[in-house]
Structures are given as structure tokens and as C-alpha cells.
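Copied over from Swiss-Prot, here are the features:
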COILED    21-48  coiled coil
COMPBIAS  1-11  compositional bias 'Basic and acidic residues'
COMPBIAS  24-45  compositional bias 'Basic and acidic residues'
COMPBIAS  224-254  compositional bias 'Basic and acidic residues'
DOMAIN    55-118  domain 'HMA 1'
REGION    1-57  region 'Disordered'
REGION    207-282  region 'Disordered'
Amino acid sequence: MGEEVKPEAKEAASAPQAVPAEEEEKKKDVAEEKKVAAEEEKPKEEEEPQPPPPPPPFILYVDLHCVGCAKKIERSILKIRGVEEVVMDMNENQVTIKGVLDPQAVCNKIKKKTKRMAKVLSPLPAAEGEPLPPIITSQVSGGLTTVELSVNMHCQACADQLKKKILKMRGVQTTVTEHTTGKVIVTGTMDAEKLVDYVYRRTKKQARIVPQPDPEPEAPAAAQEEKKEESGEGNEKPPETGEEKEEEKKKEGEENGEEGGGEEAAATEEERRDNEMTAMAQEEGMKRMMYYYQPSYVIERIPPPQLFSDENPNACCIS
């Protein structure tokens, strides 16, 4: 009876061996879960969004008259928050700004602080709303006229300012200015004399109308037909023989000898007069280009007094 082992004791002896096996399986499951979580976290870290690239610099058009204006505008722009760098181009009246800010807001601040016209050249703002209808110019009975003026302009800024003033005149459609030649071409329905007065009132610059050459009159078709008939295209004469040609030449020579060459003499006289006129015009032009020196200062050299001169002992006497 004492040798038999109870089944309850056997179960109690096998229980401690089963517990460690379950713990090992749990540990393995936890380790696998950690590996999977680590593998999932790695691509998330790699896929983190990169910072956006800085915006490209934008270009503004501003009226720059001189170096003082440019420095004043540059200082006012650098005070705006977000501006990193400012580059001024006085030849083209352009300002390049680098920074994170709205170009239109910068334009408005420049207009408010400096009282100068400014607009965005690049990048252009997106169009809002529906596109504007095309402008239809009214048909005037007088029609368009082109007037060429001669105005003294010192620099490109003067030319731009003059163009802006002329475009505000009623009836002006297009204006082209060239400061190198002082030429201004205006197209529109305005009066030329009123345009000259307007330019002087607005800019205090003297303008002069350049006269245009008259167009060459076209020969009518009837005159061309008469010339053809006179040349003998319609009525062709029979060919002349050699003897007849010689006789005609002799007759022409005798007539020219009797008349004394009137037509040729008149032609040579006109050429001589033209040559004299051109020579006189050239001489007058050379006189204008000559430099006349100022008259020299004349010094009158008075002879020395002869009162106490050794050369003339009779100049003085003591009585």
C-alpha cells in the first residue's frame, strides 16, 4: 500500500515543469511584437516631411530717379519683416527682393512710405474673376494722327516720366520716347498744338513739332498712258536706213549751232547756281562751328620821364 503513488501527487510534480514553458512562449511573443513595432517605426522616421524650399525672389518695378531715391527705398524695404536681401537696378528701375512675404503687400508698403509707383513684374499675380472685356476704341471722324516732337530729355527717368504724363492727355493712345535722340512719337486723336502746350504745362519742357515730309504724288494712269503713246508704243515707225539717220544728225547739229545750245546752256547755268548755293551753305555752317577768340588786352607802354635823364642834360635846369 505504501509503494503506490497517488495521482494527485503526480499532477503536482508535473505542474512546475509546465509553467516555465508557457513563460518562454510569452517572452518570445513579446520579443516578436517589439521587433514588428521597431520595423514599423523606422519607415515612419524615414518618411518625415522635409522643410519646404524657400520661395524664389520676386521683382518689382519702382521709379528710381537718383541714388538718393534708391537708398531711401532700399532702407524702407529692409525694415519690412521677412525681407532677407534687396538688389537695386537703377538702369531698368527694378528691385529684386528675396524673402518670405507677399509681393503685393510689399508694393503697397512702398507706395505708402515713399509715394512712388510700384508694381509686380515677376511672378505675376493670378487673375481673379472673369477676364475683362476687350476695350473698343471709339471711331472719331478726324481719325488717328501721328505727331513727332523734339523734347530735351536728360535720362531714361525723364523719358519715362514724360511718357506717363503724355498718356494722361485725352485722345492719346500710344507714346514712344527716345531719350538719346530727344524724339517723342505720339499717336492719337489730339491736336498737335494743344499737345505742345500740355507738355510744357505738365513737365515745364519745351517741345517742338518736327515737320513730316510730304508724300510724293502718284502719277495718274491717264498720264502714264499718254507717255506710252508719245514714246511710240502704239504707232511704230518703220526702221530708218543709215543715210536717213546721218541726214537727221546733220540737221540737229545745224539747229544746235544756230541756237547756240540754249537747253544745254540753261542746264549748266542751273547746275552752277545750285553748286554756288551749296558752297555758301557749307561756308555758313563752317562759320558757326568756328571758335572766335576774345580780343587781347592792349597795354600802352608810356616812355619814361626825361626830367632827370643822363641822356638829355638839357631836360632840367636850376636857376
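Cβ atoms here come from the backbone N, Cα and C positions, even for glycine.
Mean model confidence of the coiled coil (21-48) amounts to 69 (pLDDT, 0 to 100 scale). Residue counts for the domain 'HMA 1' (55-118) under DSSP (helix as H, G, I; strand as E, B; rest coil) come to 24 helix, 19 strand, 21 coil.
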